[in-house]
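Participant: Checked TrEMBL, it gives:
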DOMAIN    6-141  domain 'EamA'
TRANSMEM  35-52  transmembrane segment
TRANSMEM  72-90  transmembrane segment
TRANSMEM  96-118  transmembrane segment
TRANSMEM  127-146  transmembrane segment
TRANSMEM  152-172  transmembrane segment
DOMAIN    153-289  domain 'EamA'
TRANSMEM  184-202  transmembrane segment
TRANSMEM  214-235  transmembrane segment
TRANSMEM  247-267  transmembrane segment
TRANSMEM  273-291  transmembrane segment
Amino acid sequence: MSKNVLGAICLTAAASIWGGMYVVSKYSLDQIPPFGLMWLRYLLGFGLLYAILKGTRQKDTRPLRKKDWFQFAWIGLIGYFISIAAQFWGTKLSNASMGSLITSASPAFIFIFAWILLKEKLTVKKLAALILSTIGVIMVIGLSPSQSQTSLLGNLILVIAAVTWALLSVFVKMASAHHSSLVITTYAVGFGWLWTTPFFIWEAFTVGWSFSSPLLLSLSVIYLGFVSTAGAFFLWNKGLELMEAGIGSLFFFFQPLVGSILGWLLLSEDLSMSFLMGAILILTAVGIATYQRTNHANNRINLERN
């Protein structure tokens, strides 16, 4: 299996997991405040990742140095603390539709940062794929005039969430040149947990927790920690290791797509013709981008043979 195909599978799986976690997150957030839920997610996620890392005794490309620890701390800060917290609070101040729409701008920011920091080329096909997928996600999410009357502060916080997630993706790609995805994800999530801890303590003294169903809540938190955090974060980082960051970012659009499909299957929500057209645009855009990447790889192989 080629790196391009494996990377596409990893990124699709990660985005699909995130698309399906909204029902679980909503249920958990009704009983646990945002920083508390983040703290528990990262504690469980880091615990599982660290156990796997030590259990497999995976050898890294090079020994960890002081600079590497700063890099992991930076990824944990911008991506696993600031971005996720901004997404929680921005959605709370705005609304779910606007939250999905604005955070789905992350691929556009990834394209820009990958061009500036990773020197990835901006081609016509890449830009066309980005435009098509952006139009597609707007059609999938849908935005009525009544939904657009949201908090300006909430929307600005959501933009911060989109920008910081884009930065995380690019810095993970940079770190993957020297470290495995498992090492990067494990320690970055660990630092994300540390960054969250002071706010979790503050929140614990100011916001009450309510448990209507402790068993179901525990299962929900375990799912968020093991699957949505440890599993999906690792798959996303692994996918970025195998593909260009700009092309890989387009798979982020599967998140609202899968979320809408699961809402239809599990919650009896309606799927409109606009959703179907948007889904076709997203799939077409991803196909254009990945085909371009495969084509370039094949051309490079043929040139080397000649």
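The backbone N, Cα and C atoms fix where each Cβ goes, glycine too.
Keep in mind that TrEMBL annotations are predicted by a computer and have not been checked by a curator.
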Participant: Could you name the stretch, out of 35-52, 152-172, 273-291, with the greatest number of CB pairs under 8 A to the transmembrane segment (247-267)?
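Facilitator: It is 273-291 that shares the most Cβ pairs under 8 Å with the transmembrane segment (247-267).
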Participant: Which residues of the chain, 6 or more past the ends of the transmembrane segment (72-90), have a CB below 8 A from one of its CBs?
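Facilitator: For the transmembrane segment (72-90), the list is 29, 34-35, 38, 42, 99, 102-103, 154-158, 160-161, 164-165, 167-169, 171-172, 175, 184, 187-196, 199, 233.
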Participant: Restricting to the same chain and to residues at least six past its boundaries, which positions have a Cβ under 8 Å from a Cβ of the transmembrane segment (184-202)?
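Facilitator: Answer is 35-36, 38-39, 42-43, 45-46, 49-50, 52-53, 69, 72-73, 75-77, 79-81, 84-85, 172, 175-176, 229-230, 233-234, 237.
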Participant: According to DSSP, how is the domain 'EamA' (153-289) divided among helix, strand and coil residues?
Facilitator: 118 helix, 0 strand, 19 coil
Participant: Checking distant contacts: for the transmembrane segment (35-52), what same-chain residues at least six beyond its ends satisfy Cβ-Cβ under 8 A?
Facilitator: 25, 28-29, 80-81, 84-85, 88, 182, 185-186, 189-190, 192-193, 196-197, 199-200, 202-204, 207, 209, 221-222, 224-226, 228-230, 233-234
Participant: Looking only at the domain 'EamA' (6-141), what are its DSSP counts of helix, strand and coil residues?
Facilitator: 112 helix, 0 strand, 24 coil
